[in-house]
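Asks: Here's the feature list from Swiss-Prot:
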{"type": "TOPO_DOM", "residues": "1-21", "note": "topological domain 'Cytoplasmic'"}
{"type": "TRANSMEM", "residues": "22-42", "note": "transmembrane segment"}
{"type": "TOPO_DOM", "residues": "43-55", "note": "topological domain 'Periplasmic'"}
{"type": "TRANSMEM", "residues": "56-76", "note": "transmembrane segment"}
{"type": "TOPO_DOM", "residues": "77-83", "note": "topological domain 'Cytoplasmic'"}
{"type": "TRANSMEM", "residues": "84-104", "note": "transmembrane segment"}
{"type": "TOPO_DOM", "residues": "105-109", "note": "topological domain 'Periplasmic'"}
{"type": "TRANSMEM", "residues": "110-130", "note": "transmembrane segment"}
{"type": "TOPO_DOM", "residues": "131-156", "note": "topological domain 'Cytoplasmic'"}
{"type": "TRANSMEM", "residues": "157-177", "note": "transmembrane segment"}
{"type": "TRANSMEM", "residues": "179-199", "note": "transmembrane segment"}
{"type": "TOPO_DOM", "residues": "200-218", "note": "topological domain 'Cytoplasmic'"}
{"type": "TRANSMEM", "residues": "219-239", "note": "transmembrane segment"}
{"type": "TOPO_DOM", "residues": "240-256", "note": "topological domain 'Periplasmic'"}
{"type": "TRANSMEM", "residues": "257-277", "note": "transmembrane segment"}
{"type": "TOPO_DOM", "residues": "278-287", "note": "topological domain 'Cytoplasmic'"}
{"type": "TRANSMEM", "residues": "288-307", "note": "transmembrane segment"}
{"type": "TOPO_DOM", "residues": "308-313", "note": "topological domain 'Periplasmic'"}
{"type": "TRANSMEM", "residues": "314-336", "note": "transmembrane segment"}
{"type": "TOPO_DOM", "residues": "337-356", "note": "topological domain 'Cytoplasmic'"}
{"type": "TRANSMEM", "residues": "357-377", "note": "transmembrane segment"}
{"type": "TRANSMEM", "residues": "379-399", "note": "transmembrane segment"}
{"type": "TOPO_DOM", "residues": "400-414", "note": "topological domain 'Cytoplasmic'"}
Amino acid sequence: MNRQSWLLNLSLLKTHPAFRAVFLARFISIVSLGLLGVAVPVQIQMMTHSTWQVGLSVTLTGGAMFIGLMVGGVLADRYERKKVILLARGTCGIGFIGLCVNSLLPEPSLLAIYLLGLWDGFFASLGVTALLAATPALVGRENLMQAGAITMLTVRLGSVISPMLGGILLASGGVAWNYGLAAAGTFITLLPLLTLPRLPVPPQPRENPFIALLAAFRFLLASPLIGGIALLGGLVTMASAVRVLYPALAMSWQMSAAQIGLLYAAIPLGAAIGALTSGQLAHSVRPGLIMLVSTVGSFLAVGLFAIMPVWTAGVICLALFGWLSAISSLLQYTLLQTQTPENMLGRMNGLWTAQNVTGDAIGAALLGGLGAMMTPVASASVSGFGLVIIGLLLLLVLGELRRFRQTPPVSDAG
């Protein structure tokens, strides 16, 4: 990357055809999954008029995703990764077709929606793990920060476009259009992915999958560096669960419906700015220290968010959280990929992604519990400032991560 620029260099898309193929596939996949994410809750709500049933579908899919990440990590370290990616994407698309067919029936089956949600959650996360494990081989470890930032932008852009497109489709054609286009998009992603080179895994002894997964847990616990990265990632994800308090906080600020949308947009916007301005981040000599400081800063932004006297100041705090958490996440991703042995990349990426799923759920549950005992303002502030205290303690305790130094990479991407 350009040492003179703070802006993200997109030249990796030009110089690395394999990464460009992954970029296209990922963007199409995010939009497709976004269409699905809009359609499933709406269809279940229309069929059952029960928010509990909607929540159950989210819980089941989340559980399937967690299992898929664990299984995918083992498979990605055992089998040729391109085959795992293609198999997972194709199988996931079959589930989308099933949802489309079910929605066209005179009486769609609720059980089928739940079962296909399990199917799609499992296979979607299976492919994600293999793709993450393959990224260092596709771009080179010296370009991982740049690849991570481009990927973050892809996710944010797709996450903005897909709900809007999904809402338009629901209004004009019903859920069948969402499911059908999600299936079509998933199969289209196979075209660029077929152009990827073979992605063999390093030779390693065959062992029971549970033993292989246990070995990854042991490595995580035995490595202060990798373990510290995973712990920080989980805490940042927990902090992002503050969004469950937006509706209640919006009432205290007397926000309109249109203004509430700004609360939800603030963190993604801040994260996008963080990715766009990450041009020199890969050249930092002490990434561990920057990660720790940016993480503590993001917690402080959450603590200040709810006690702001006006909602505009709260939005600024959320955007600041998005920016700082993006810096922390990019450094987590890069250090995890560069400091993990090649033969464990699949399992470690699976565990790291799984902590994002579980961290968000735990954070939402804790905020819900706090909300039962105190006001929404107090709940958000207590959680944010509590995480600040934990973050400061980790700044002292995680000495190896704090002192970690690296030689700035020399990228050939531009």
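Glycine is no exception: its Cβ is also placed from the backbone N, Cα and C atoms.
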Asks: Which of 22-42, 56-76, 84-104, 179-199, 379-399 shares the most C-beta pairs under 8 angstroms with the transmembrane segment (110-130)?
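Replies: Of the candidates 22-42, 56-76, 84-104, 179-199, 379-399, 56-76 scores highest.
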Asks: Please give the sequence-distant neighbours of the transmembrane segment (357-377): residues at least 6 beyond its ends with Cβ less than 8 Å from one of its Cβ atoms.
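Replies: Here the qualifying positions are 62, 65-66, 69, 233-242, 244-245, 248-249, 252, 306-307, 383.
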Asks: For the transmembrane segment (84-104), could you work out the same-chain residues 6 or more beyond its ends whose Cβ comes under 8 Å from its Cβ atoms?
Replies: 25, 29, 32, 36, 39-40, 43, 72, 75-76, 112-113, 116, 119-120, 123-124, 126-127, 130-131, 134, 174-176, 179-180, 182-183, 186-187, 189-190, 193-194, 196
Asks: What stretch, picked from 22-42, 56-76, 219-239, 314-336, 379-399, has the most CB pairs under 8 A with the transmembrane segment (179-199)?
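Replies: Checked against 22-42, 56-76, 219-239, 314-336, 379-399; highest Cβ contact count belongs to 22-42.
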Asks: Test the contact criterion for the transmembrane segment (22-42) and the transmembrane segment (157-177): 3 or more CB pairs under 8 Å, pairs 6 or more apart in sequence, then answer yes or no.
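Replies: Answer yes: the transmembrane segment (22-42) meets the transmembrane segment (157-177) with 3 or more Cβ pairs below 8 Å.
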Asks: Residues sitting near the topological domain 'Cytoplasmic' (200-218): Cβ under 8 Å, six or more positions beyond its termini, same chain?
Replies: 70-71, 73-74, 76-81, 342-344, 346-348, 350-351
